[in-house]
Amino acid sequence: MAAVQGGLVDAKDEIDIKTEPTADGFGNNNASDSRVLSTPPGSSAAAGNNKPAAGTPEEQQTLLAVLQFLKKNKLSESAEILRREAGLPEDALDPKGTDGTGAGPGAAAGSADTDAGDASSLLSRVTVSSSAGAQAPTKAAGEDQPDVSVVLSAYSQQGDPALYEVYYSGLKRFIESVLDCHRAELSQVFYPLFVHMYLELVYNNHESEAKAFFEKFSGDQECYYEEDLRILSSLTKKEHMRGNETLLDFRTSKFVLRISRDSYQLLKRHLQERQNNQIWNIIQEHLYIDIFDGMPRSKSQIDAMSGSLAGEARREANKAKVYYGLLKEPEIELPLDDEDEEAENEEGKPKKKKPKKDSIGNKSKKQDPNAPAQTRIPLPELKDSDKLDKIMYLKEATKKIRLGSDNLPSICFYTFLNAYQGLTAVDFTDDSSLIAGGFADSTVRVWSVTPKKLRKVKTAADLNLIDKESDDVLERIMDEKTASESKVLYGHSGPVYGISFSPDRNYLLSSSEDATIRLWSLQTFTCLVGYKGHNYPVWDTQFSPHGYYFISGGHDRVARLWATDHYQPLRIFAGHLADVTCTRFHPNSNYVVTGSSDRTIRLWDVLTGNCVRIFTGHKGPIHALAFSPNGKFLASGATDGRVLLWDIGHGLMVSELKGHTDTVYSLRFSRDGEILASGSMDNTVRLWDAMKAFDDLETDDFTAATGHIHLQDNSQELLLGTYMSKSTPVVHLHFTRRNLLLAAGAYNP
Amino acid sequence: MSAPKTIPKDAQVMIQILKDMGVTEYEPRVINQMLEFTYRYVTTIIEDAKIYATHAKKSNVDADDIKLAIQCRMDQSFTSPPPRDFLLEIARQKNQTPLPLIKPYTGPRLPPDRYCLTAPNYRLKSIQKKVAPSAGRISVPRLSVGAVSSRPTTPTLGTPSVQSVSTKVGAPVSLTGQRFTVQIPPPSQTATTKTKTDDSGQIYFFSIFTNNPLCLFLFVSTATPSTPAVPNVLINPSLIGSKNILITTNMVSQNAGGESLKRKHEDDDDYDAL
């Protein structure tokens, strides 16, 4: 409706629309078009009243309305021309029936035939709305004129501001009176309705009414909307809204609710039997009601899924097929003795090609049907150094400790001292040999965790002098003189919020508030590239597990996929309503998950850029995301202190881990996925039994038709241990290849 | 909270505002920062409004001027991210192109050189020195190190070369870099006169960086040249797009001898001197 405010609306459009057959009143399922004019109040009330299908009398009314409007604004020439062309008689311009235009237009239009009395009484109570010009409220006139004002009111707000409170209270009373099973579902309507009505009042400059409305009803809303309500309370004028992108998006996008058919029927019947179609109109315009057949959900179920800025996710948003399996590892035989390493490499290469041929077409046990094809997205091929790395990895993996609920990992905590609350990002290399910290003073520091010092490549002068033919040339090019435990990287001009090592340990990425992402070389410890694209702070960045690609997410509400050799992003993932605060790659590099301040988590396909899953349920901005090593599950942590587990394939919440009392900043699965570790601002690391949480999953029957989830309240059973640190919030967690848990944080006395 | 009578009224107002907005825990410096910001913002707006009022030939500043000032300032500094439909549109366009194939075995995968920060950002001036040694002044290459405007750089010295090297590398960035030239004052030596054409000297540099790249200080000192040895300029090699590290020689040919070594300001026309 915002678009309709205060201007000369194109009358022609109105006419065209009105001549369309009135859409079914259950317009939510098909009223997907966002054209404001497409839901003229007149046609929406079709269900309630036997309104004649739009024909000439309607057109006549519209023309009359327009004519009156023109006259009112002293556009006499245009009025004259219109009158002549439309062939309207002179006396039709009688401004007799200028009713208050704020009436519920649907009610009035529909009731023109039958309930004229009601309509007129309603109309007479209503005062003028601002945008339709100064029209004196008069008693309802004869039958020919009421529709004029009704039509005009299509261009104005819905109803009288003073009556909003009445409508809302009426709805509240109704919902309190329904059966228990329906009440929980229908209560979902309160919050979006409240926000939209409030914003409508503010947008139309009814400041005092807006304030009164807010004071009266804001206390009734759910506790998890408190933050939003506080922001809303500071918005009292139209100008305030203009700068707030998030709220503007909220106004234009549809809030999604999932309601069972029975509850929905109840609501609809109630709203249409009375004349206060205000609420009905607002619901139709701003809410998308996803109706499902089945049992109404309970309060706890609804609470678990709600909390996001735009309601829940539509069911079809979570229906696309997601290839969550892992890519096939290239077959490199683990050498039994070390000397055969080189020989194995040779065999490793042609062997890699074989599995590809096998997997085409036949469903042998080698090909996982849920795994993407090897060539779905182009990935860099393995270099020799990568193969050596992989062999090291496999060797270490054999020495891995098997964790479980009875065998908890040891935790080694790396505390940053003297950081003065400036530590903003931490990352470990996969083999846990290096640790990097991003700081609020815009530096990036790299430390060596092992006794081996950090070495730079020698200067050109010295490189000239070395013997290039010697066997250990790769050692000789390193400069021993400047070897040190740590190195500092300067270059950013703002706090460094995201940091990520490349899998081959050659590069380090850092993203900062200065809107750039920098690629640093870990061989020369200098900056190589600055990637510019976000124009606003970049909150997080991560390299792909296969290297070469990386993602970043920032304040501009998009996440971008880059490749190290392109100066512009390859993919832009747009869809979130607020900042993207956390970005992670799936282990198979084909999908990217982003968590945002709008309290939703979205899973994106790298190949197409489409959003394939939307997960709602958190009640605060999401700060931590972690995939399980088998790629099937996702864990997420937010400022509400809860850790939620999601099944990616089905798109459903698996369980909810309660326990932390402050923001969860880091999550990590152990190497085999048995344990989930979570670190939080409340200075604790908690270990959860992931194996058990996902075990129950296998037996459940997820029809996913209704999206019902029965969350057991078994957080206590799943919690394996809580480990406190001495006032050091846990910023990062990392499992070594042998399943030792490393944690990092800055001491904060 | 300390006794109200010691806190100025503005600070009290700010405390109240923070309380109303739900901010309960904050360091005491926050009040000062907020007040500073408020004062600066309001002053800027009112000054702008005054300009608009005089432009409209009004004697007093009225609400319309203020509104206009606020609006202009909003569009300039407090921009907000693009609207959602715009983002969806550009995302749709960007996501239509298929992912580019990866060329095998091309060494470090970096964008084209002009988008990287790997090029040298200085050039060496070659100073033609006369053979006749007069006061035994040793000339020293002047290193102009500039943070090339509009690009964040680290002053890695790349390959020095005598001819001028283009230093305008990198896509423009919204940083306002500053370029400056560091000129090394030639040390007046009373050492032995030199007749060689080579110069010797070790140039060390420390870089002290502050948070802000606008202040980039480079401190260069020269050691006492002792023998006409091979000049040795310590530099960091730069990886320029190839797997091999670019190994260059670092002959800096200089001429000893003094009087030609005047500060040639006119040579630095193309760089702004700080």
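Glycine is no exception: its Cβ is also placed from the backbone N, Cα and C atoms.
Feature annotation from TrEMBL assigns region 'Disordered' to A:1-59 (among others).
Taken from TrEMBL, the feature compositional bias 'Basic and acidic residues' covers A:10-21 (among others).
What TrEMBL records for A:27-42 is compositional bias 'Polar residues'.
Annotated compositional bias 'Basic and acidic residues' per TrEMBL: A:86-97 (among others), in sequence order.
Taken from TrEMBL, the feature region 'Disordered' applies to A:86-117 (among others).
Summarising the annotation, TrEMBL assigns compositional bias 'Low complexity' to A:108-117.
For A:159-287, the entry in TrEMBL reads domain 'TFIID subunit TAF5 NTD2'.
Residues or ranges marked as compositional bias 'Acidic residues' by TrEMBL: A:334-345.
Look at TrEMBL and you will find A:334-381 (among others) tagged as region 'Disordered'.
According to TrEMBL, the feature compositional bias 'Basic and acidic residues' maps to A:357-368 (among others).
DSSP assignment over the repeat 'WD' (A:416-457) gives 0 helix, 22 strand, 20 coil. According to TrEMBL, the repeat 'WD' annotation covers A:416-457 (among others).
The DSSP breakdown of the repeat 'WD' (A:489-524) into helical (H, G, I), extended (E, B) and coil residues amounts to 0 helix, 19 strand, 17 coil. Residues annotated as repeat 'WD' in TrEMBL: A:489-524 (among others).
Residues or ranges marked as repeat 'WD' by TrEMBL: A:531-562 (among others). Residue counts of the repeat 'WD' (A:531-562) by helix, strand and coil are 0 helix, 19 strand, 13 coil (DSSP-based).
Per-residue pLDDT, averaged across the repeat 'WD' (A:573-614), gives 94. According to TrEMBL, the repeat 'WD' annotation covers A:573-614 (among others).
DSSP labels the residues of the repeat 'WD' (A:615-656) in these numbers: 0 helix, 24 strand, 18 coil. Per TrEMBL, repeat 'WD' is recorded for A:615-656 (among others).
Sequence-remote contacts of a segment are chain residues at least 6 beyond its ends whose Cβ falls under 8 Å from one of its Cβ atoms, and for the repeat 'WD' (A:657-689) they are 397, 400, 402-405, 408-409, 411, 413, 620, 623-630, 635-639, 641-645, 715, 717-735, 737, 739, 741, 743, 745. According to TrEMBL, the repeat 'WD' annotation covers A:657-689 (among others).
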Sequence-distant residues near the repeat 'WD' (A:573-614) by C-beta distance (under 8 Å, 6 or more away from its ends) are 246, 249-250, 253, 307-310, 313, 317-318, 320, 322-327, 371-372, 376-377, 379, 539-546, 549, 551-561, 620-627, 629, 631, 634, 636, 638, 646, 648, 651
Long-range CB partners for the repeat 'WD' (A:416-457) (under 8 A, at least six residues beyond its ends), listed in sequence order, are 389, 392-393, 396, 463, 477-480, 482-501, 503, 505, 508, 510, 512, 514, 520, 522-525, 731-732, 734, 736-737, 742, 744-748
Residue counts for the domain 'TFIID subunit TAF5 NTD2' (A:159-287) under DSSP, helix then strand then coil, are 101 helix, 7 strand, 21 coil
DSSP composition of the repeat 'WD' (A:657-689), residue counts helix/strand/coil, works out to 0 helix, 19 strand, 14 coil
